[in-house]
Amino acid sequence: MNKEAKIYVAGHTGTAGSAIVELLYKRGYCNLVFKGSSELDLRNQKSVEKFFQQEKPEYVFMCAATPCGVANMQYRADFIYNNIMMQINVIHASFKHRVKKLICFGSGYMYPKEAQNPLKEEYILSGKLDYSIEPYALSKIIALKASEAYNIQYNTEFICVAINNLYGGNAKFDLKQARLMPALLQKFYLGKLLQKQEYVQLANELKVTGVKNIEEKLKEIGIFKDQIFLWGNGRTRREFIHCEDLADACIYLMNYNFKTCDLHFNIGTNVDYSIADVASIVSNIVGFNGEIKFDITKPSSDMNRLMDCSKIHSLGWKHKIELEQGIKMMYKWYLENKGAIE
């Protein structure tokens, strides 16, 4: 990518998009364009077409998505509709307006539930998906296969990267909709505040007043002074990628000179952890001094997801941020940006 090339980052305020924007600026890319969802509805084909016609981006990072989590899977139709429409509109507009390269984002959920770990790119569509997150997984598979189809038919360079649990700055800290890592971090932070009897800060965090109301609200989400309850059994294993590593990988791929139309890459660390182990690490970093328990009556995906990253490693890229370091970075960001206290 030329440093003056026009680059469009869709979803620039999210964890992935904001990390990509920050790293692009840091590396001297100065001609970036982005619009929020209130300015540009990516589900609307005419609006997307008009935007591409006016802006004429040369490179596109398609980070915009309706993100998935087991806790919010009652919105199955929204995952299908929103993600497919956004992705297809951006992919087709990128083709029509001769975008040089596009990156869209897949997920470890795209792989079959019973696929052998580590998950290789060629395992896509080789078995049944995890039903609990099937709508989201299907929407991501469509983006992958659409990119592949345009590459084959029109000789485009549309890349799809599959990632597992993304974490880092600009995460959505909402216990009802948050992804795994921000949910864990916020839950243990609230537990620490409860142990320290920081009720003013808890009132600010929970948007409720009065000690009794605060404690009742915390109980509803499994937080007590001496213990915290998490969903599932804690044995499911997950792989994590820090947003700064993801941004680095995506820019690396945008600058790589490909000689193939097979542009599907897993991006990860090649290391997985049980949810129980991750919870213990987060608890120690945050400073919650209590017991961690698991509620097996609550829904959770039991699909282990460790990806084989040998394909992107063969191009010369590897991650730099290990899990404990990344969680410390994320917690620091949370304290600095959410008005939280130590």
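Glycine is treated like the rest: Cβ placed from N, Cα and C.
The active site, proton donor/acceptor annotation in TrEMBL covers Tyr136. Annotation comment: TrEMBL describes Gly11, His12, Thr13, Gly14, Thr15, Ala16, Gly17, Lys140 as NADP(+) binding site. Residues or ranges marked as substrate binding site by TrEMBL: Lys187, Trp231, Arg238. What TrEMBL lists as domain 'NAD-dependent epimerase/dehydratase' is 7-268. What TrEMBL lists as site 'Important for catalytic activity' is Ser107.
Among the record's NADP(+) binders, Gly11, His12, Thr13, Gly14, Thr15, Ala16, Gly17, Lys140, no two C-alpha atoms are more than 20 Å apart, and one pair sits at exactly that spread. Reduced to three states, the DSSP call for Lys187 (substrate binding site) is helix.
In the structure as shown, the Cβ atom of Ser107 (site 'Important for catalytic activity') sits within 10 Å of 24 other Cβ atoms. Cα of Tyr136 (active site, proton donor/acceptor) to Cα of Gly14 (NADP(+) binding site): a span of 17 Å. The local packing around Gly11 (NADP(+) binding site), expressed as other Cβ atoms within 10 Å of its Cβ over all shown chains, amounts to 23. Reduced to three states, the DSSP call for His12 (NADP(+) binding site) is coil. Among the recorded positions listed here, namely Ser107, Lys187, Trp231, Ser107 has its C-alpha nearest to that of Lys140 (NADP(+) binding site). In this structure, Trp231 is the one among the recorded positions Tyr136, Trp231 with the smallest number of other Cβ atoms inside 10 Å of its Cβ. Cα of Arg238 (substrate binding site) to Cα of Thr13 (NADP(+) binding site): a span of 25 Å. Cα-Cα distance from Gly11 (NADP(+) binding site) to Ser107 (site 'Important for catalytic activity'): 16 Å (rounded to the nearest whole number).
Ala16 (NADP(+) binding site) and Lys187 (substrate binding site) are 22 Å apart (CA-CA, integer value). Looking at His12 (NADP(+) binding site) and Ser107 (site 'Important for catalytic activity'), their Cα atoms lie 18 Å from each other. Around Thr15 (NADP(+) binding site), taking its Cβ as the centre, 25 other Cβ atoms fall within 10 Å, counting all chains.
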